[in-house]
Structures are given as structure tokens and as C-alpha cells.
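Student: Dropping a structure here in C-alpha cells format, bear with me for questions.
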Amino acid sequence: MTAVATETAAASSERLRLTEIFLSLQGESNSIGWPTVFVRLTGCPLRCQYCDTAYAFHGGEWWEFDAILAEVAQHGARHVCVTGGEPLAQKRCIALLQKLCDAGYEVSLETSGAIDIGPVDPRVSRVLDIKTPDSREAHRNLWSNLPLLTARDQIKFVICSREDYEWSKGIVAEHGLTQICDVLFSPSFTQVKPSDLADWIVADRLQVRFQLQLHKILWNDEPGR
Ligand code: SF4
């Protein structure tokens, strides 16, 4: 390989395909409400029936790591959320997470739960989905991720029906999830009445955290907000 070819190969290993980078308020998880820079990676191998970011499945543009870090910095926020799509579907996401931690940001990662989280920098707060039956992607749950979770992380269920709720309750009990980290239950936006889910949790005295997606309440889920 020539020197030029080696340089090109090195540069291409330091880039990721992105759909968007934008500043908003964190709409969910334990960092809800904080001004946060979102780095949305392109692509996802799943197809949850309620997906609200299908526009990130395809397209996007290649960004060098230096350009990503510069764009993140110019927004001036302490919190950075790497999301998708499924960010871990691009292997170089692992290196970006490390660089963001090295730069001193509070870094979170939103992941589908279908890809190994083992290589993720331990400074990152991982928000791991467990896909319910009514997402139609429950067969993608990678259960070997659960023992890797720590108190820094969060587990998220998007509940689409009463049946989903009962299933999720069973999974929380079976795996002792509330002993590991915070467990979040969200209603699927148009499929479960938020007050119904809230009532079920209270009636069962379930030690999970109910949450609504703030960005949908504030901005009706516009891309880039
Ligand atoms: S994992 Fe996330 S991005 Fe992928 S289809 Fe499901 S909701 Fe959409």
C-alpha cells in the first residue's frame, strides 16, 4: 500500500455516516430536560412498528470524527447523546463514544438492545431498549447484554398494549432488572393512553419509572428537535 493509500484508509476508519447533529432538550431517560447535542447515526437493522426515526434508516452523510467533535463543541452543551437508527450498527461508533468521553462530555448512548454493548466505553450511560412483542422485534433482544449493565445505565421498554405491559412486568421480575439500574416504561405514543400505563404501574406498585417523551409534547416529534 502506498503512503497516500495508507493515509486514505486511516482517514476512512475515522468517520461515520450521520443523519443529523442538533441541539435540543433531552426528551427521555434520566437526563431528561438537559440541553443535549444529539448525534444521530444513519442506519438500523430493526424495524419496530412504532419507529419515529425511520428517516434515519437510509441516506445520511459521511462525517470525519474531527468534524463531528467540532460540530458538537460549537453547540456548547455538556450532554451529548449518540443515537440513531441503531448507532452500534456502525462499528466505529465505539471509537466516537470514547473520543466524546475523552473530551469531557456527559455521554449517553441510545441502543436497540440487539447489538453487543460490551465494547462501549464504561463512562457512557447506555440506554438499552428491551423490545416488547408488540414492537414486532422482540426476537432481536440480545439477552447477553443484560449482565453487562451497571447502575450508570438504564433499561427502556416502550409499551404498546396491556399485553406488552404484562410481558414487560414479567421480564423485569425474571431478570431482577430493577436491582441493576433504572427501568423506564414509556407508552407507545399513539397506542397506549399515558394515563392507562401510569395507572397500571401505580396499581402494581411496580418499581419502574414512567416517562413521556418530552420532545413529542413540546415539538410534536419534528425531526431535528
Ligand atoms: S431500533 Fe430504534 S431506530 Fe431502529 S427501528 Fe426500532 S425504534 Fe426505529
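Every residue, even glycine, has its Cβ placed from backbone N, Cα and C.
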Student: Just to be sure I read the record right: Leu25, Gln26, Gly27, Thr83 are listed as binding substrate in TrEMBL. Which of Arg15, Arg40, Arg92 is listed for the same site?
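Tutor: As annotated by TrEMBL, Leu25, Gln26, Gly27, Thr83 share the substrate site with Arg40, chosen from Arg15, Arg40, Arg92.
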Student: Given that TrEMBL annotates Tyr50, Cys51, Asp52 as binding S-adenosyl-L-methionine, state which candidate in Gly85, Gly104, Gly113 belongs to that site as well.
Tutor: Gly85
Student: Are there residues of the same chain, six or more positions away from Thr83 (substrate binding site), whose CB falls under 8 angstroms from its CB, and which are they?
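Tutor: In sequence order, the residues whose Cβ lies under 8 Å from that of Thr83 (substrate binding site) (at least 6 apart) are Phe38, Val39, Arg40, Leu41, Thr53, Leu109, Glu110.
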Student: Sort Cys44 ([4Fe-4S] cluster binding site) into helix, strand or coil using the DSSP assignment.
Tutor: coil
Student: Using a Cβ cut-off of under 6 Å to any atom of ligand 1, determine which of the binding-site residues Gln26, Gly27, Cys44, Tyr50, Thr83 qualify.
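Tutor: Cys44, by Cβ distance under 6 Å.
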Student: For a quick check of packing: other C-beta atoms within 10 Å of the C-beta of Arg40 (substrate binding site), how many?
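Tutor: Its Cβ has 22 other Cβ atoms within 10 Å.
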Student: When the Cα-Cα distance from Cys48 ([4Fe-4S] cluster binding site) is computed for each of the binding-site residues Leu25, Gln26, Gly27, Gly85, which gives the smallest value?
Tutor: Gly85
